[in-house]
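Listed in TrEMBL:
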DOMAIN    77-234  domain 'Yip1'
TRANSMEM  93-115  transmembrane segment
TRANSMEM  127-146  transmembrane segment
TRANSMEM  158-181  transmembrane segment
TRANSMEM  187-209  transmembrane segment
TRANSMEM  221-241  transmembrane segment
Amino acid sequence: MLDNLNQDVSILQPSLQMTDSQVQNRIRQMKMEDPDEQTCYQKFCNLFTIEYYREYFDVTTELVIAKVVNAFNPFSGTFFDIGGGIPELYGPFWILNTLIFTIALSVNIIKYMQLKPGEHFEYQFEIVPFLAIFMYLKTLIVPMIYRVALKCVSQDRLTLLHCFTIYGYSAVVMIPISLLNSIPNPAIQWMLLVYVLFAQTSFLTSNFNQELKYLPKEKKYMIVGLVAVVQITIMILYKFYFFSSFNYQQLGLVKKRTNTHILQHILGAN
């Protein structure tokens, strides 16, 4: 068995540009896949072990930067050429959490800039859990939708982890846009969100093209349409739940002074 492992690693390492740690993790993973060496726990619970995911967080800073730069180019179509196309979760994890922070910051800036006389500003940290739940659910569900759709129409070369990776990196363009959306102008906000919609949809479809280029046109259009519909839905949710004052009163993001506070202010002035 070890001879086969060494042979597999020698083939994988140059073609996929694996690090030493990734090679060792792959050896351990292949050993765990051997039915003769697996325990009952390993057979059924590998997905719930840290060891299983370790290799997907073992990446270099240079590789993450290269993927981030590539994600800012909507028409690159070369995302999976970086680092040998190995899926990883380190970049998507930090992009997701950075985006949660920038959107929460933007929401507070919008709230502050829209205050009227008699309204008191307070930092609203309570929006962070709601935002985090939304972002994590979106990041889990959307790649699964794309994976199922690609599996139904293509040759099934992209795994679920590939879909998690590319979708996670596609969100990096939203980080600067989320800060610019703190400008309390609906027209500017819509223009910025439309750009994000265009950039993310183009980036995803151009990189899915290696799966779709040999398919009939109707199947290609089906995937492109699915990506567009999903992204449009997400952009609408962004606009009306985070970058608009529409729901701020409902979410408790604006607190007006009570009549007692106003009366005390008047008496104090006199």
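Cβ coordinates come from backbone N, Cα and C, glycine included.
Because TrEMBL annotations are produced automatically, they should be read as predictions rather than curated entries.
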Contact call for the transmembrane segment (93-115) and the transmembrane segment (187-209): at least 3 Cβ pairs under 8 Å, seq gap 6+: no
Distal contacts, the transmembrane segment (221-241) - CB-CB under 8 A, six or more residues away: 103, 134, 138, 142, 145-146, 149-150, 153, 189-190, 193-194, 196-197, 200-201, 204-205, 208, 212, 247
Average model confidence [pLDDT] within the domain 'Yip1' (77-234): 89
